[in-house]
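K.L.:
The following block contains the structure, expressed as C-alpha cells.
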C-alpha cells in the first residue's frame, strides 16, 4: 500500500491511548521466576502473637538490669543522698516492678476489650488503675 500524506485534523476531545512506560513493558515481558524474589512477610498480627506466647512462657527479666539500677538510684536520691543498695535489693525491686507492670497491662487489655477494641489506649490504663484504687 502506498504511503499518503497526513493532514491535520481537529481533535474530537477524546483521550489518546497512553504509551506504556519502558519499565512496565519490560516487567510484563520478563518471566515471573527470573526476577528477584521478594522477602517472606507474615500476616499482620502473626509475629505479635508469637512474641506474646514467647514472653508468657519465659521467666527472665525484660527490663535491662543497668538502666533499671540507674533509675532506682536516681529516684532514691530525691529522698536521701548517698544511699547504697545491695544487688539483691535491686533484683527484688526489679522483680516486683515487672510483676506489677505485667499485671497492669493485663488489666489494661481487659479494659480495651471491654471497650470493644483490641488496641490499648491511655484511658484503658487510667481506668485499670482507678478500678484498682491506685488513683482517684
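Note that Cβ sites are derived from N, Cα and C of the backbone, with glycine treated the same way.
Copying in the features that Swiss-Prot gives for the protein in this structure:
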| type | residues | note |
| --- | --- | --- |
| COMPBIAS | 19-32 | compositional bias 'Low complexity' |
| MOD_RES | 5 | N6,N6-dimethyllysine |
| MOD_RES | 11 | phosphoserine |
| MOD_RES | 24 | N6-methyllysine |
| MOD_RES | 28 | N6-acetyllysine |
| MOD_RES | 28 | N6,N6,N6-trimethyllysine |
| MOD_RES | 28 | N6-methyllysine |
| MOD_RES | 37 | N6-methyllysine |
| MOD_RES | 37 | N6,N6,N6-trimethyllysine |
| MOD_RES | 37 | N6-acetyllysine |
| MOD_RES | 65 | N6-acetyllysine |
| MOD_RES | 80 | N6-methyllysine |
| MOD_RES | 80 | N6,N6,N6-trimethyllysine |
| REGION | 1-42 | region 'Disordered' |
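Are these features on the surface or tucked inside, and what are their neighbours?
P.N.:
The number of other Cβ atoms within 10 Å of the Cβ belonging to residue 5 (N6,N6-dimethyllysine), over all protein chains shown, comes to 4.
Long-range neighbours of residue 37 (N6-methyllysine) (same chain, six or more residues apart, CB within less than 8 Å of its CB): none. Look at residue 37 (N6-methyllysine): DSSP puts it in coil.
In the three-state DSSP classification, residue 65 (N6-acetyllysine) falls within a helix. Using a 10 Å Cβ-Cβ cutoff, residue 65 (N6-acetyllysine) registers 12 neighbours.
For the recorded site, residue 80 (N6-methyllysine), the DSSP three-state label reads coil.
Proximity of residue 80 (N6-methyllysine) to non-local residues of its own chain (separation of 6 or more, Cβ distance below 8 Å) is seen for none.
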K.L.:
Please report the distance from the Cα of residue 5 (N6,N6-dimethyllysine) to the Cα of residue 65 (N6-acetyllysine), rounded to the nearest angstrom.
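P.N.:
On Cα coordinates alone, these residues lie 85 Å apart.
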